[in-house]
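S.K.: Please read through the structure below; I'll follow up with questions.
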């Protein structure tokens with residue numbers, strides 16, 4: 001079994017490619033199940049955010065795994081494999097694990113040190129667990145990376161004063177308008193990104209905020225938190241006509257702000273309008289950027305603002321490299337020890353079988369034993385067995401991570417009289433439990 005990661009992110013693909021390869025939240029479970037049915041795929045988790053789409057998989061062979069991951073992506077998004085291949089990256093084994101540690105801790109994010117990705121990775125893992133597409137390896141790996149990410153944010157300054165995409169949006173508005181006092185803002189969408197944007201807007205002193213959302217109750221809930229107004233979705237253009245700044249972040253699959261409508265609207269509008277599209281797929285047609293006085297920014301346009309004050313956090317990332325490498329080594333040592341688990345269980349079961357035979361013999365030869373005496377003898381015998389096996393099992397685990405592990409383990413089995421059948425039975429039981 002091998003760990004293989006395939007994906008694309010803000011490093012490898014522009015937004016016009018990324019937005020075509022986003023898994024819809026309503027289709028997450030179906031995507032996981034479909035991928036699990038591909039040849040070579042043993043376990044899988046899909047992470048899909050505004051800046052990355054990545055698949056972490058356990059495969060039976062690296063070469064075939066790479067092919068079937070690519071084929072799945074091409075089929076799912078109905079695109080030619082050759083068209084998406086230039087934007088994809090692959091990480092294998094230790095590189096894949098190292099990458100996941102960095103992603104989860106926010107060390108590979110557009111916003112260095114941001115914590116939102118931690119929640120997104122946890123969500124992706126939980127969905128995969130519920131859908132039964134994870135097993136022994138990915139369950140262990142994702143628990144470890146989530147724990148590590150929490151420690152990083154708690155014990156370092158990586159997320160201290162970290163800018164966010166929504167923060168960058170406010171900074172762009174300040175550069176264009178100077179003071180944001182008395183500026184009218186319209187926020188389209190009422191999800192997590194919209195809430196983060198509102199937090200930054202409130203911190204900038206803006207008070208004239210209108211929230212528009214297709215589901216009005218969601219807009220009302222958000223508006224109540226920030227003393228904002230709620231606008232009717234069907235009257236969106238009327239609100240845009242009065243707006244100075246528009247932030248758009250919805251889960252719509254197609255643009256909701258169209259070039260033709262905006263061309264007409266801007267001809268009626270007396271002032272310029274800043275439109276910041278932080279949705280993926282994008283919520284505003286790109287051709288709107290050609291309309292006079294219509295200043296359009298998308299996520300990639302905000303990148304320069306986001307990275308402007310990240311020098312200190314980049315230093316923290318470098319300092320964490322050795323720690324991550326240590327975590328990666330620990331994971332693969334644990335994985336190697338997985339191979340001896342059936343041997344350990346077979347040894348314990350053999351010892352317990354011997355105890356059971358001995359206790360039956362004692363019962364026959366010493367019929368005068370009381371029930372209490374019989375139980376006490378059994379407990380002491382089990383204690384002796386555990387003490388006798390403790391050191392050999394510890395040595396076996398050490399052997400499992402050495403270069404000549406296979407030979408050493410075979411010697412161990414022969415010394416303790418463990419047959420191939422003894423171990424195979426345990427392995428089959430484990431496989432049935434995992435499935």
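Using N, Cα and C of the backbone, Cβ positions are placed for all residues, glycine too.
Here's the feature list from Swiss-Prot:
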- 50: active site, nucleophile (ACT_SITE)
- 49, 50, 51, 52, 109, 114, 115, 116, 120: substrate binding site (BINDING)
- 189, 190, 191, 192, 193, 194: NADP(+) binding site (BINDING)
- 99: site 'Important for activity' (SITE)
S.K.: Identify all same-chain residues not among 189, 190, 191, 192, 193, 194 whose C-beta atom falls within 8 angstroms of the centroid of the NADP(+) site's C-beta atoms; report them in sequence order.
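M.R.: So the extra residues in range turn out to be 195, 196, 197, 222, 249, 250.
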S.K.: Can you figure out which of 50, 190, 191, 194 (the recorded positions) comes closest in space to residue 109 (substrate binding site), comparing Cα atoms?
M.R.: 50
S.K.: Ranking the recorded positions 50, 190, 193 by other Cβ atoms within 10 Å, which is at the bottom?
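M.R.: Among the recorded positions 50, 190, 193, the sparsest Cβ neighbourhood within 10 Å belongs to 50.
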S.K.: Rounded to a whole number, how many Å is the Cα of residue 192 (NADP(+) binding site) away from the Cα of residue 120 (substrate binding site)?
M.R.: 11
S.K.: Just name the winner among 189, 191 (the binding-site residues) by count of other CB atoms within 10 A of its CB.
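M.R.: Selected residue: 189.
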S.K.: Can you tell me how far the Cα of residue 99 (site 'Important for activity') sits from the Cα of residue 115 (substrate binding site), in Å?
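M.R.: If we compare the Cα positions of residue 99 (site 'Important for activity') and residue 115 (substrate binding site), the gap is 16 Å.
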S.K.: Using the Cβ centroid of 49, 50, 51, 52, 109, 114, 115, 116, 120 as the reference point for the substrate site, which residues of the same chain not in that list have Cβ within 8 Å?
M.R.: 106, 110, 111, 117
S.K.: I'm trying to understand the geometry here, so how far is the Cα atom of residue 120 (substrate binding site) from the Cα atom of residue 193 (NADP(+) binding site), in Å to the nearest whole number?
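M.R.: With the alpha carbons as reference points, the distance is 12 Å.
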S.K.: Least buried of the binding-site residues 49, 109, going by other Cβ atoms within 10 Å?
M.R.: 49
S.K.: Just the number: how many Å between the Cα atoms of residue 194 (NADP(+) binding site) and residue 49 (substrate binding site)?
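M.R.: Between the Cα atoms of residue 194 (NADP(+) binding site) and residue 49 (substrate binding site), the distance comes to 15 Å.
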S.K.: Let me check the 10 A CB neighbour count of residue 99 (site 'Important for activity'). How many other CB atoms are there?
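M.R.: Total other Cβ atoms inside 10 Å, all chains included: 21.
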S.K.: For residue 51 (substrate binding site), write down the residues of its own chain that are at least 6 apart in sequence and whose Cβ falls under 8 Å from its Cβ; none is a fine answer.
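M.R.: Sequence-distant Cβ neighbours: 9, 10, 18, 109, 110, 280, 299.
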